[in-house]
Amino acid sequence: MWNYSEKVQEHFFNPRNAGELEEANGIGDVGSLSCGDALRLMLKVDPDTETILDARFQTFGCGSAIASSSALTEIIKGKTLDEALAVSNQDIADYLDGLPPEKMHCSVMGREALQAAVANYKGEEWSDDHEEGALVCKCFAIDEVMIEDTIRANHLSTVQDVTHYTKAGGGCSACHEGIEDILNRVLAERGEAPVGSNLQPSDSRSEGHIIPDDQVSGVWVSSSAGEKAMTAADVAADAMAALSQIELPDTPVVPDTAPVTGNTAKPVMNNLQRMRRIEAVIERVRPQLQRDHGDVELIDIDGSNIHIRLTGACTNCQLASMTLSGIQQQMMEELGEFVKLIPVKSAAVGV
Amino acid sequence: METIYLDNNATTRVDPEVVETMLPYFTEQFGNPSSLHEYGNRVGLALKKARGQIQALLGAEYDTEIVFTSCGTESDSTAILSALKAQPQRREIITTQVEHPAVLALCEHLEKEGYTVHYLAVDGQGRLDLEQYQSLLSEQTAIVSVMWANNETGTFFPVLEMAEMAHARGVMFHTDAVQAVGKIPMDLKNSKIDMLSLSGHKLHGPKGIGVLYLRRGTRFRPLLRGGHQERGRRAGTENAASIVALGKAAELALQAMEHENTEVRRLRDKLEKGILSQVNYAFITGDPDNRLPNTSNIAFEYIEGESILLMLNKFGIAASSGSACTSGSLEPSHVMRAMGLPYTAAHGTVRFSLSRDTTEADIDRVIVVLPGIIDQLRTLSPYWKYNAPVKESFDPAYA
Ligand SMILES: Cc1ncc(COP(=O)(O)O)c(C=O)c1O
Ligand code: FES
């Protein structure tokens with residue numbers, strides 16, 4: 001069964017504002033029966049103040065589609081239209097304490113219904129430029145369409161590229177075969193050789209893997225591993241530390257005091273200096289993000305894992321992951337060590 | 001709360017007698033069956049007994065035709081890959097559009113490697129066209145792999161007849177019988193089936209144990225090479241506890257076969273009648289006259305399967321749904337799609353699968369609870385008003 005938060009379940013079993021709204025003056029319909037989910041959002045807007053006086057919904061769809069609809073109506077009631085339009089699908093997911101990656105599209109549908117309803121109220125046309133494909137990377141909830149578009153737009157040709165641009169493949173790496181399939185399709189159109197055909201014969205870990213593991217973003221080996229052989233005790237200590245990080249289903253994803261694993265690079269500066277530099281990078285990129293109505297906040301530093309929160313407009317735009325890898329790059333240049341940026345979401349998203 | 005388990009096609013409860021049988025093999029009976037001492041010998045004898053119990057359930061001619069594997073999926077892969085390796089000049093596979101992913105995903109992968117795969121279509125009731133099948137059999141065909149019973153709808157394929165047809169053209173025949181074994185009588189020695197897959201956890205045995213039935217004389221190439229276990233046909237130290245358990249499970253399944261086809265069938269039919277007499281815009285999918293006695297797959301129009309399951313779960317009822325609402329492209333199950341289910345129903349299918357553990361009270365409770373759930377979800381749906389669909393008035397431009 002899906003890993004639904006209490007809040008999702010609660011909104012599913014007791015949806016708020018379900019049913020028709022007779023006096024609606026803005027109606028947004030999205031989805032279809034054959035797609036498997038559909039939503040009608042009905043708004044009663046005060047024409048003088050453009051405030052949403054009431055909102056109701058009717059939804060055909062899975063548990064999280066219904067819960068997302070319910071959450072959406074709760075969020076927007078009492079807001080002005082402009083305020084309501086600033087609600088992102090991530091806000092809907094956050095309100096529900098997170099949605100599983102496979103279900104994020106349900107929050108997207110809510111956001112689209114809202115845009116459609118506001119457009120309908122204003123007598124405008126609203127067109128859906130949003131397209132989604134099958135989910136490829138579960139770690140980062142990246143779908144096929146986004147990967148393919150990014151490959152085309154940026155002329156990418158390796159899984160590593162795709163990871164840098166979209167983040168897809170940067171986690172457990174289980175999706176690398178799927179990413180390669182998409183790459184090969186595009187490469188074939190371009191008349192280029194498929195991924196993996198230029199393997200060095202010396203690379204014994206061939207089959208499917210085109211990049212040595214230690215170069216794939218998000219999968220790295222400690223800088224010390226190559227230099228000195230680890231003792232059995234070191235290995236055991238590492239393993240214990242790693243085990244202690246495995247969380248039981250209902251513990252929060254980001255522990256308050258995350259144990260530092262032996263995987264971190266040797267500190268070449270003291271921790272305070274290191275933290276200052278990390279903060280400096282964050283400060284440096286903020287103006288850029290704020291220009292796009294977004295922001296970034298440092299949450300926690302846990303060895304080589306740097307937890308940040310992207311807020312505002314950048315949380316869910318398709319550029320979010322590009323933003324992430326951009327910041328990660330700058331961070332690594334500044335610190336001279338491998339770090340991984342981890343976007344902090346709500347606790348229930350079991351990433 | 002009393003819970004009601006109606007998801008036996010996903011997995012079954014391990015029979016307590018089976019558990020009891022297997023436990024000693026984790027403790028005092030820990031020997032390696034290949035070893036030449038008493039520890040090994042005892043386990044070796046236990047494996048031989050289990051082989052015989054499974055031979056009996058399948059009606060196989062020899063107990064050496066039973067090869068233990070780690071699961072149904074491994075058996076399927078072994079069978080298909082073996083046929084390709086053993087007959088390298090044959091580059092085609094015939095299967096169906098509605099196989100389990102254990103077969104379909106492998107076939108799709110083999111297509112990428114250059115093999116040709118023919119996927120037989122099904123009609124609205126999930127039935128095959130045997131003329132189409134006949135026309136595809138050729139000297140190019142390495143193997144036919146067709147499931148005995150469908151896991152979603154329970155619909156049977158005429159595998160005995162199809163195996164005859166394959167043999168007449170000199171083609172090897174495999175059947176994924178994971179859902180059928182233990183539910184219907186089998187007599188493989190009098191059939192033309194060359195290979196058959198089964199899985200322990202579908203017949204009240206443990207998970208992670210399977211069997212590939214391999215008719216004596218069938219050309220074979222192992223998937224795993226190594227030691228001489230399973231006569232070199234599947235290397236790797238045997239999962240002794242699970243094999244012993246599966247033997248016991250097979251024996252119990254044989255004893256319960258009659259019950260399965262009378263009592264379990266009666267309860268299934270009662271469930272369907274009880275639901276369909278109260279809920280409109282609902283129907284049985286698959287072939288109602290030719291299916292597993294324990295399986296019922298019902299389509300509820302204008303609502304979505306997962307939300308039905310969540311509601312049922314709240315009432316302590318466990319069932320499953322073919323619809324997989326997991327990404328932007330919300331595909332209904334490939335089985336429902338292949339049968340061409342109307343789009344109003346394709347996302348709203350629910351599978352109830354019973355077993356010998358199912359009671360009359362279980363069924364009665366579902367019949368009481370389910371209509372209210374369907375009603376509640378339809379009330380939420382923009383496609384529904386006053387107990388009838390209103391799809392004309394809801395037609396978003398932005399689908
Ligand atoms: C028809 C069919 N084939 C194969 C399998 C896979 O069996 P296993 O889970 O033992 O690998 C299943 C089980 O889901 C099944 O229903
Ligand atoms: S699924 Fe893509 S990295 Fe884990």
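Placement of Cβ uses the backbone N, Cα and C atoms for every residue, glycine included.
DSSP classifies A:Cys35 (Fe cation binding site) as coil under the three-state reduction. Cβ contacts within 10 Å of A:Cys35 (Fe cation binding site), excluding its own Cβ and spanning all protein chains shown: 22. TrEMBL lists A:Cys35, A:Cys62, A:Cys106 with the feature Fe cation binding site.
Taken residue by residue with DSSP, A:Cys172 ([2Fe-2S] cluster binding site) is part of neither helix nor strand, so it is coil. Positions annotated as [2Fe-2S] cluster binding site by TrEMBL: A:Cys137, A:Cys139, A:Cys172, A:Cys175.
The domain 'NIF system FeS cluster assembly NifU N-terminal' annotation in TrEMBL covers A:4-124.
Positions annotated as domain 'BFD-like [2Fe-2S]-binding' by TrEMBL: A:135-184. For the domain 'BFD-like [2Fe-2S]-binding' (A:135-184), the number of residues in each DSSP class (helix H, G, I; strand E, B; coil) is 28 helix, 5 strand, 17 coil.
The domain 'NIF system FeS cluster assembly NifU C-terminal' annotation in TrEMBL covers A:278-340.
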Cα-to-Cα gap, A:Cys137 ([2Fe-2S] cluster binding site) vs A:Cys106 (Fe cation binding site), nearest whole Å: 17
Binding-site residues whose CB lies under 6 angstroms from ligand 2, from A:Cys35, A:Cys62, A:Cys106: none
C-beta crowding around A:Cys139 ([2Fe-2S] cluster binding site), within 10 angstroms: 17
A:Cys35, A:Cys139, A:Cys175: the binding-site residues whose Cβ falls under 8 Å from a chain B Cβ: A:Cys35
Intrachain C-beta neighbours of A:Cys175 ([2Fe-2S] cluster binding site), sequence separation six or more, cut-off 8 angstroms: A:Val136, A:Cys137, A:Lys138, A:Cys139, A:Ala168, A:Gly169
The domain 'NIF system FeS cluster assembly NifU N-terminal' (A:4-124) - residue tally per DSSP class, helix then strand then coil: 55 helix, 29 strand, 37 coil
For A:Cys172 ([2Fe-2S] cluster binding site), the one of A:Cys35, A:Cys62, A:Cys106 that lies nearest, given that the binding-site residues are compared by Cα: A:Cys106
